[in-house]
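TrEMBL annotations:
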TRANSMEM  A:7-31  transmembrane segment
TRANSMEM  A:43-61  transmembrane segment
TRANSMEM  A:68-86  transmembrane segment
TRANSMEM  A:92-117  transmembrane segment
TRANSMEM  A:124-145  transmembrane segment
TRANSMEM  A:157-178  transmembrane segment
TRANSMEM  A:207-225  transmembrane segment
TRANSMEM  A:237-258  transmembrane segment
TRANSMEM  A:289-307  transmembrane segment
Amino acid sequence: MNSRNRITILLLQAAPYLLFLAILLVFGSLSDRFLSLANFTNIVIQAAPVAILAIGMTFVLLTAEIDLSVGAVMYLTGCILGLYLGGVPWPIGLMVVLVASALLGAVNGALVAYLGITSFIATLGTLFIGRGIAMSVSNTASVYFPEAITSLNRATVFGIPSAIVAVAVVFVIAWVLLQQTPFGRQVYAVGQDRDAATKAGLPARRIVFFCFVISGALAGMAGFVSSTQIGAITASYGLQAEFSAIAAAVLGGTSLFGGRGGVKGALFGALLIQTAANGLVIINANPYIYPLVTAGIIFIAVAVDGLRSHMLERLERRFIRPWEIA
Amino acid sequence: MLVSEAVSRRAEREAGRSRWKAAARFILSEYLVLALCVLYTLVMIPFVPEIATVEVWQNILSDMMPLLIVCLGQTIVLIIAGIDLSVTAIISLASVVGASIMTQSDGYLSGPLAAPAAMAAMLLVGAGIGLLNGLSITRLNMPAFMVTLATTNFFGGSAIWYTTFHSTTTSIYDLPDMFISIGDRDIAGIPIAVVIAVAAALIVHGVLAYTILGRWLYAVGKNPRTAYVSGVPVRTTILSAFILSGMLAALASIVYTARLQTGTPILGERILLDVIGAVVIGGTSLFGGKGKVIWTVFGVLFLVLIDTTLKLLGASLFVIYVIKGSVILAAALLDTLRTRYLGVR
Amino acid sequence: QSGKTIAVLFDGLYSEFWVAGMQIIKDEMKKRGYAVLEGISDKDDSKQFEQVRAMIARKVDGIIIVQTDSKAVIPAIRAANRANIPMVHFNRPPAESDAYSVAVVADNQTIAREAVLHSCRTAKQAGGKFKAAILIGNLGDPNAIQRRDGFQEAVSQFSDTIEVVARIPTEWNSDKAFAGLTNALQANPDINFLFTSSDFLIPQITQALKSANKWAPIGDPKHVIFTGFDGFPTAYELMEQKYMDACGVQNLFFETKLAIDAIIQMQEGKKPEKVLLDPGFAITQANMMEKREEMWGYTLLKQKKSG
Amino acid sequence: MKTNQRADQPLLSVEGITKSFFGVRVLHGVSFELWPGEALGLVGENGSGKSTSMNILGGVHQPDGGRMSLAGQLYAPQSPREAGRAGIAFIHQELNLFPNLSIEENLFITDFPKRGGVPFIDRGWVRKRARELLAEVDLDLPPTRLVGNLAQGERQLVEIAKALHADAKVLILDEPTTSLTRREVERLFAIVNRLKSRGVGIIFISHALEDVMHVCERVTVLRDGAVVGTDLRERLNVPAIISMMVGRSIDAIFPERSTKPREEVALRVRGLTQRGVANDVSFDIRAGEVVGLSGLMGSGRSELARLIFGLDPIESGTIEVAGTRLMRPTPKASMAAGLAFLTEDRRNEGLLMDASIVDNIGLTFLKRFRVGPGFVGGKALNTTAGELARMVHLSTDRVQDTLAKHLSGGNQQKVVIAKWLLRRPKVFILDEPTRGIDVGAKQEVYRIINRLVEEGGAVFLISSEIEEVMGLSDRILTINKGEITGSFERSGFDREAILAAAMAPVGPKREATA
Ligand SMILES: Nc1ncnc2c1ncn2[C@@H]1O[C@H](COP(=O)(O)OP(=O)(O)OP(=O)(O)O)[C@@H](O)[C@H]1O
Ligand SMILES: Nc1ncnc2c1ncn2[C@@H]1O[C@H](COP(=O)(O)OP(=O)(O)OP(=O)(O)O)[C@@H](O)[C@H]1O
Ligand SMILES: [Mg+2]
Ligand SMILES: [Mg+2]
């Protein structure tokens, strides 16, 4: 591999980050408030719920399944938290939310992995049922969270805002789980080829099941973090959250067909989308162009990724005559 | 060869022994969703007796039509293992573009040509966005999900913005009668919308079942590598699928717009999950290579039927959500049980 | 009257306003011996049209409707006319047409203008320059547009005092509102004048202002002059605690009464005016005590407190 | 090896296993025994039920009837996982690796070693053990390489390494040598012998009967889903096995051709170069000629074929088919000019596994059945596909409703051949055309090749079986590292010379030695 090639590969690998940088520079040149530490902190805090959601979704996508019910899980567990756990200390509230959402994820997992229902349909069904139950317990009215929970938004750990701590913890655990444990590697195997994985002796069903449990639990976590931020939820809470989560995950390079991607990408995708939205507000852009600009940025990011992986594939192919490439 | 003869003879014998079973299988495989529709209707009669009236079935039929047209396009795209999230934006943008051309208050065109020209423009919008989707996927190596997510946000946003230049409110009204008649007139007793949808369904069925393009679509969906090595123009095939999907969405937009007599930029914003849901419930696979028009027809019927009964029930939103979710799950469960125990499909 | 049915078709239950409106209508109708059928269209005019047809097929005796689009509802009105079923629009008027229906409307633009004007005067009295932000609703929703325009009218009369530095689209989505306002406060830490197009965003506004360390009652130098709209219970609480300066109130009870009366009149063959106006009002720190009885949020709050 | 010194009970016994798919019975009571430390050869025609029997042993399918016992215990695995736990290791005919994972991850995917108590993978140990296993199968690759970047043969070696790690009681090898060249095959035999001496029982499935005779103490012959006989190697010979398999004897394996190559050139390749893949490759194939390409694993044979067919881009050089130059080769353009290409990767590039036989066959030439604008004449297609299926002796005639994935491996290969025959190619590039097919079928393929050539077609034959190349070709080219290193006329065919040419140094090494 000669040095020119190596530089090309490095550049290509860094392409998404370069694009990110370009976006920062454009917004930065339009508003001097944009490029500040405080604003970046803001971006990460705001991206936190979607990032957590996307990390959970990544597990499901890696097994070539999909989870449309995450928004409903957020809404339902949010209602439980706001309506029934107003008085308890927040760590207990969080535990209950996590357990409840993991159970909801387990329902999805059981429907998909053990009963063999296509995940799109299964989670579409649970989406409706989940939202329906949430509406009925809240009577479709707003659910307000007590000060104990909303004040968490302003809490910090060693000076780091709580939402960032939450994302960081979730990210590290998820990354270690996927990259450093047998379960994680088996998730990739199952996602690549379910039949082959079964033949190889992997408990494919159980693995898929647990991915849904993880997605459910992280949906609850995301809901908790966003509850601390927005203070109250209404009947539209979490609507279409599944699309934001899938978008962030896929933007970060995870394939809808399984076996490819990772949580780093999910985090990156969520941050990129949030950065664009943040930049537009900061430069006080015309509200009508918001969706146009964000969509444009997503499009460019995906296009760059597509071209990049195409070229990387070509450059990194093994050759029979390696000395000619060197 | 000995083996083949023996095997096929045995197969014949077994087939003969259980002809009734084969018949049951046949019905269950292709017409399960239809059977479920019948079953569901029967179950619902005590709760909403109106379901047994002609008027309600006319409503069901007319409600099905535009949704069916969009779903036809989605079926094609799912067959090639793609997905088209942009259909909703196409419906919205085509609606306001068409309306802005033909509206009698300050439209671009007037006179008898306004409506046909507007409809052509609407189809063009669909084809154009489909082309953009297709090119991005084939030339830029982008995943269909992301491409169409980006285009749906972009063109959905554009539709809202576009409207502000043509109307002081949020929609465009005063469409010519010729256009509106698509929504409320009949040809020989059959509503025009039904004629359009049935024609579209027949054409798409024809393409999928009897043409070279149809076979290419399935082949690309099953395995694009093999298709490419076998000389199939994979890129053109993918491109065609997205253009067709775009144009069918635009055609649906014509029907929706005519029915509401208004071009609105949020038309169709909410139907995405219904569209994909109906197609997948019908039996088309999200992983490509599998799908049929008739399945989609049944899937759409199933969803519209549920929706209609729930509307007639007039129950509160959460009851409706829970029932709808449960019915979808129950149908899916039946589907897998029969796959498991009868070994069909 | 018994044995009669009425359909209540809303386009969504996205805020307390609609939830309360739906509840008040249902309670009132039941009190008068009607059975109530519900339908929520989820901002899909096409679906709502289908709902209207389904209700016609069920032969209801009247339809109270909240459409999303003023023009797209006209075919539904025509269908109701053909079936001879009275139709009343609740809170959102349809566009002009030959079809007959009655609309109960609040004067959004005026109410918003009046409320914001009060806040503008407060600002002017306080002296100095003010940086304003507005949380705009869904750009496809006429009420959101009217409220924005009312705000615009008011502040433009005070252009020497007030400069609008942030227009935040929320799409009626609380996450977006929270993020948008936080970002705006980031870009313009000196924002000290705020209008929200709906009170349902109050929790997010509270959160964002607290984070920016700008949540302070009237009189505190950090106070942000805050104008609400709708007249939610939470809005009343904030008025009482002196965090909110003014709020545009739609008179929900009055609107409900107008709507139901209109339906009954139409059933009796009368033809009420096509538009019945709820003038609404702006509740301000100045007139709070005398006006609060008309504020639905206050009434609900009182009910909740009493049990 | 003390194979005659038997233990007192068989390691594995299989009694009267039956199995049907969709109402069609494919196994009619298969019975055999496997003793510790022996290798049992399992042979039979394509579709005779070898893989199905093994899939039942390996827990992939459950039998409809019959019983199995493993080391005296009743054995009825419900899943491959259970089978694996019971001590059965299985190398499937269709390789079962995950291209998105590295070699080492593939090796340990079912039982990653964990680091003392904590649930994390002990990467250091994994790396070390992976190196050992790869060394054992003589595969010199870094364990971190993605399996997706490996050649077929290399993948097969990874599978073998994986099975070695499993430390099983019974090792099932379902056609493990199809992508291996002689050297690796010898290596595999050494491994098998070592395992036997450790008391492992081995079931060895192959269509290379000489190999079976070489490593197996006993041979079981399957026909039509039933065992027709089991006997000791000493009492058998290859022709006897063949006649048991097919019910008749097969004589000359390479049928004679009645025609000689013609004058006109069917395929002319000049100066074909692609950096890193091929260097200045030039040769001609005349109409009516078979040219074989011989080389070691990874020598670039398949790569060369792909370049010619337009599957990979070329930097310079020209390709002419029957006198017309291919300007920008793509599969479509090449096919239009008269080329056909049977790829070695049947599963991913050769077949639509989820499509029917007809759909697979028709795919290459749908235009031929065009009726009206863009429509396909389904009837004509079905008829023609049926004829082709018979021509290649496919085991089933239900071509419309049998999916490719439900065919046995060899029959799948026949479908791929049939789909290219549909185009009546002028030049047919065959990459490992007889991989995984039985002797009878092989002879059938040879006949097909001959017929094609006799009708004026040209064949470019790539095969790892040197006998096959020598038996069929008019001329043999050797290749190493993407360069042609030798050319032999039929009269001068010599095994040793060809092998030597295939190993001739090229590239910088050659310059260094020169
Ligand atoms: N999953 C399946 N569904 C339906 N039929 C199957 C399935 N698996 C195998 N068969 C059928 O069972 C028969 C036996 O196939 P099997 O794969 O066992 O043959 P084989 O002896 O391994 O042949 P080969 O030498 O070609 O690999 C074939 O006729 C095949 O079509
Ligand atoms: N130095 C190498 N040694 C072994 N394999 C290599 C080497 N370089 C590349 N390869 C791999 O081998 C393949 C190229 O070998 P190719 O398949 O063309 O050779 P072949 O002689 O046809 O081998 P096979 O026996 O696998 O068909 C490529 O897929 C490549 O990944
Ligand atoms: Mg086999
Ligand atoms: Mg090869």
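Cβ coordinates come from backbone N, Cα and C, glycine included.
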Considering the transmembrane segment (A:157-178), which listed stretch of A:43-61, A:92-117, A:207-225 counts the most C-beta pairs under 8 Å: A:43-61
The transmembrane segment (A:124-145) vs the transmembrane segment (A:207-225): 3 or more CB pairs under 8 Å: no
Winner by Cβ pairs under 8 Å against the transmembrane segment (A:7-31), considering only A:43-61, A:68-86, A:92-117, A:207-225, A:289-307: A:289-307
Ranked first among A:68-86, A:92-117, A:207-225 for CB pairs under 8 angstroms with the transmembrane segment (A:43-61): A:207-225
When counting Cβ pairs under 8 Å to the transmembrane segment (A:207-225), the leader among A:68-86, A:92-117, A:289-307: A:92-117
